[in-house]
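Listed in TrEMBL:
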ACT_SITE  139  active site, proton donor
ACT_SITE  279  active site
ACT_SITE  372  active site, proton donor
ACT_SITE  393  active site
BINDING   476  Ca(2+) binding site
SIGNAL    1-30  signal peptide
């Protein structure tokens, strides 16, 4: 029996900003009973993990994109991200220092401004996007554009502590150059962007017109902030037009599919869930509302969230369903779904978040890490998708739930994550992805998001001092963007449902931000 979804009186709003202020600024170290020495020990363990990964990248792979830790070599993987068949690979592309860009915000979170400044200066003098490389718009947006924008904002905030002169907006200029190269992808009859674009020549002849819901619906944070920083409204306008078109394609049940055609605006894959191909679409609706304060984002998210809870949820799990009928299609867990408890925690639906998080933790304990797909109806791993590429989503949700509850149990979950990563994936040359969870055979790849997300969320679990004086929203790649009143159309309304999951008409807590 499917659990009843939440029911909010229209036009109910959440005070997500209030939750952030309460959750991300409260609690003295040790106030939860976990113990200062134990917390410090775990913080240092995560520091060791980050620098083992980062130093090996800088030694064996920089300025190429990502580290191959088993062979202590490199891969120029920007053009391979999302490119499952490895088609149209560039001949003369030699990397964009992807892992360095992704590491910059983490360096600030970890308190290493010296290395942060060194990275900023190198990128300022050496990075260019005038390269003949076909890239995935979504991946390049969340990794490179998001990384540059976040690092630019942090550089402005910390430039007074730089040792080699004031910061002169170099990273913003790079982000502007990159964003400008994205714009031809949006020149379609629907406004939905192509999934692939050449950074030098634009959309290639005979380019595929298929993209994913995440691919065209998860661009608004980075491109919206880029418009606010540069004064060039084209970026936000393009991303918002695509998002509005995507939302207009929803079914009568307020569900969306997984893949679509950017020229016709027709769905290709009607089955969808909260995992691969769709996940960050939901994430960016609520985070855009928090960041920009527009009711339009809230209205879209509210309807979408209620539909997910009604048609996808089965107890603590979320299966996939046909967007047209709501009928279940695939009973499977994917590791990307582990972000959902974190999103629910942002909303204040902590009870539902905790239920799902504990089930993910049970799977983690059973296998040592989270396999890419787990068949819920058979209680077993997917026969082919058995890999674990150092994904951060479970650590991310653990961080959010701890911030909201201060329950030290989540710190113990963090210990288990750190222990597994060190035991199964740490090698002499960095951290390697797991090719097969059933055997723990490793793959020669250290993804950049291990540094931008996995290590960052684990560090913040034990030391959240970075968040003490400023509220941030983290992008889907873990890059912090500050919540600024000057970016808001208006402040979110000041009330929060006490429980989204089990009460039909929630009691609303109203009043000032605590």
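Heads up, the Cβ atoms here are built off N, Cα and C, so glycines get one too.
Locations of recorded TrEMBL features on the structure.
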residue : record                    : CB count, 10 Å
139     : active site, proton donor : 20
279     : active site               : 24
372     : active site, proton donor : 22
393     : active site               : 25
476     : Ca(2+) binding site       : 26
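Of the recorded residues, residue 279 (active site) and residue 476 (Ca(2+) binding site) place their C-alpha atoms 9 Å from one another. Here the candidates are the recorded positions 372, 393, 476. The one whose C-alpha lies nearest to that of residue 139 (active site, proton donor) is 476.
Taking the Cα atom of each, residue 372 (active site, proton donor) and residue 393 (active site) are about 12 angstrom apart.
A distance of 9 Å separates the Cα atom of residue 393 (active site) from that of residue 476 (Ca(2+) binding site).
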